[in-house]
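Enquirer: Once you've had a glance at the structure underneath, I'll fire off some questions.
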Amino acid sequence: MSSNVNIKLNKNIILAVTGGIAAYKSAVLVRRLKDYGFNVRVVMTKGAQAFITPLTFQALSSNPVHTTLLDPEAEAGMGHIELARWADLILVAPASCDVIAKFAQGLADDLLTTLYLATKAPVWIAPAMNQQMWAAKATQRNLKTLTEDGMHIIIPDAGEQACGDIGRGRMPEPEALAEQVFEYFKTQERAYTQQFGLLAGKKVTITAGPTREAIDPVRYISNHSTGKMGFALASVCYAAGADVTLIAGPVTLNTPYGVTRKNIVSAQQMLDESMYMLNQGCDIFIATAAVADYRVAEIAPHKIKKTGDTLDIALIKNPDIVATIAQQEKRPFMVGFAAETQNIEQYANGKLISKKLDMIACNDVSRTDIGFGADENAMTVFFAKKYDFDQRQLEKASKLKIGEQLVEAIVDALNTKS
Ligand code: PMT
């Protein structure tokens, strides 16, 4: 399952509240919209103020609430035209029968109806009313007009109503409304980055996290990788327009939004999935995983018993995933990582050459503030000789920021005619 939690969209939403009992849900809606990182300003009609006070919305949105068209003081703050331009989307929730009729008629006798005519932003309405009023011919005729005018109508839910009736007319829950708004902007942004992003049209495969090599049914060999670096890179590559697959060892992180995830346990499984992705078509392969170099020669079928003071376990070498992919005829652009504790330049360059990589990003894993498990990293990036690039120093920053700089380095190398 993808997580939206870490995605913040810097978009401006006007939430317009009209008169109806569902106005109480709009208070929660402000919170949910803000959870997604939206900037929210609230516009209230006179009818809405009979159900809930502007003060509630002011506190929740952290912005002044707009209630009138003809108040010189309010207009001096952010006038209706400015407000209409500020909005990336106007969401009217709840939208009463009355405001729907006014919109359909093109009336402009208060702030909200004026805003509707003055804005270029998409306008969505979430009608909420008694089921008979929803079904009324005039309401349906007005909604048809508004749909033809390009307005997005969110169909109300059916169920028990505040007035005791049962039928369609309930405003959808705030969580569902906020998610629809979020998905709308994400889809829009995706369409843009898929065309204009730094990695538009590229297929990227990323390995991340540790591998586990079983000793017996209860024990294994592994390492301290948490997957944070690889997951951050996956998120950055997706935001840059790439089609991203993350081959993840056992970690506890949520899948970054938009990224396809394949879970594996052992190095052999990571190699199998990597080869599969290569055959599916892969333009860039990034190996952030800390792969166990050795595995147990023979996994014990039962728990090994404590019989002596020492225990010898024979290990055999695991396949080198990144080197195997780099050897293939149709090889992608290959990015390796190097976890070192000393002689960073010498060891990283050695791996760059021996594994036939295009680029290698090296971090000092003897430090506790970066590398394994940390939220930040610092890296030195080396390029294969054919690119004729100097090494790059990426100063300590969040793994997301480091990921962005790595993507820039990849794009620079891809754009060089080598
Ligand atoms: O996951 P985090 O907690 O966020 O920590 C991030 C990290 C420290 C794991 C990451 O930044 C990192 O350094 N990853 C590489 C770890 C590593 O195994 O480095 P290495 O120097 O042993 O391997 C060199 C390269 O070969 C790596 O790209 C590795 O993925 C690859 N390799 C290694 C062995 C193997 N059998 N197959 C491989 O593909």
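Quick reminder: no glycine exception, Cβ is built from N, Cα and C everywhere.
Unlike curated entries, TrEMBL annotations are predicted automatically.
Since this is a predicted model, take the numbers as computed values, not measurements.
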Enquirer: Looking at TrEMBL, Asp293, Lys303, Pro319, Asp320, Ile321, Val322, Lys351, Lys355 are annotated for CTP. Which of Phe337, Phe372 sits in that same site?
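Expert: Among Phe337, Phe372, only Phe337 appears alongside Asp293, Lys303, Pro319, Asp320, Ile321, Val322, Lys351, Lys355 as CTP-binding in TrEMBL.
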Enquirer: Once the chains shown are all counted, how many other Cβ atoms turn up within 10 Å of the Cβ of Asp293 (CTP binding site)?
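Expert: So the Cβ neighbour count for Asp293 (CTP binding site) comes to 14.
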Enquirer: Of the residues named as CTP binders, Asp293, Lys303, Pro319, Asp320, Ile321, Val322, Phe337, Lys351, Lys355, how far apart in Å are the Cα atoms of the most distant pair?
Expert: 37
Enquirer: Can you tell me which of Cys163, Ile321, Phe337, our recorded positions, come within under 6 Å of ligand 1 at the Cβ?
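Expert: Passing the 6 Å Cβ check against ligand 1: Ile321, Phe337.
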Enquirer: Looking at Cβ-Cβ distances, which residues of the chain lie under 8 angstroms from Phe337 (CTP binding site) while being 6 or more apart from it?
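Expert: Once residues fewer than 6 apart are set aside, Phe337 (CTP binding site) is near Met229, Ile286, Ala287, Thr288, Ile360, Ala361, Cys362, Asn363.
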Enquirer: According to DSSP, collapsed to three classes, what secondary structure does Asp293 (CTP binding site) have?
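Expert: Its secondary structure by DSSP: coil.
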